[in-house]
Amino acid sequence: MRTFNFLSFPQVHRQALVKAVLVAIATVSLLLTSDVINPQSAQAYPFWAQQTAPETPREATGRIVCANCHLAQKPAEIEIPHSVLPDSVFEAVVKIPYDPASQQVLGDGSKGGLNVGAVLMLPDGFKIAPPDRIPEEMQEKLGGVYFQSYKEGQDNVVIVGPLPGDQYKEIVFPVLAPDPSQNKGIHFGKYAVHLGANRGRGQVYPTGEPSNNNAFKASTAGTISQISKTEAGGYEVTITSEAGPVVENIPAGPELIVSEGQAIEVGQFLTSNPNVGGFGQKDTEVVLQNPGRIKGLVLFLGGIMLCQILLVIKKKQVETVQAAEMNF
């Protein structure tokens, strides 16, 4: 049997082999440690929106797709400057108001605090500012929020969440404005900005199935003959109808508002509505201002003021001359 002798290889081949082994080791190490060093904490939300609408979160009707699962309407606010200069960093402040005393139904049926999340659709060319461009004062307002692009290569559509609502009723987005002198595809002018913000869990999964953060209705008319509690904490409500018994499965979380022996109609609520959250949408505008126009406006206004001053001085001179002639 011939034994492998590494030294028998030519020096050039040995160097190439060593380099390939080192590259392979480095690649494997990077793959194994990337999740530890840089965990993708934001993948939990908005996973559903990205899966159901992978290209854009805004439908042709103008509605943000989050509204398909978060059925309740709640307010959402955004504050941005009316106009910004090229290559400048500004704040886009998103406000998601709700009652801090509210408790939502969690997946296991227990109660807990509300989470918040938002999707911000900026104009083309606008994006989250890199860390070295964010002022120190603005850094303090961010609070360690992780900003994620909705789609790879689409930096102007940004998503955050889920975040604890009691800490992030206001979310500050550090936005970097584009520079038309560096990007010929960007032009000065007015642009639309779209915001979608939610608080709490959704009522419908993308598959169409209702979550336990929902009110459940009777699928048939009849009389409730039996109510049984399940091991998971929910209920099985048996409705005796003309076609036979029908069992309604209700997960843990919603509270029953019916009782055995009660006659019900189709579509009648069997539970209360536990949802305390909701989704809000807000549209606004931002102007990418041309610095040259601002300078021109300043010069124009300065010229007008100078003319007015000269006219006042000239008027005083005329009045002085007229007064002197009258005295003469």
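Any Cβ shown, glycine's included, is placed from N, Cα and C.
The heme binding site feature in Swiss-Prot is assigned to Y45, C66, C69, H70. What Swiss-Prot lists as signal peptide is 1-44, and the listing cites sequence analysis. Among the features that Swiss-Prot reports, transmembrane segment is placed at 294-314, with the record citing sequence analysis.
Structural mapping of features recorded in Swiss-Prot.
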{"residue": "C66", "record": "heme binding site", "CB count, 10 Å": "25"}
{"residue": "C69", "record": "heme binding site", "CB count, 10 Å": "19"}
{"residue": "H70", "record": "heme binding site", "CB count, 10 Å": "25"}
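C69 (heme binding site) falls within neither a helix nor a strand when secondary structure is assigned with DSSP, and so counts as coil.
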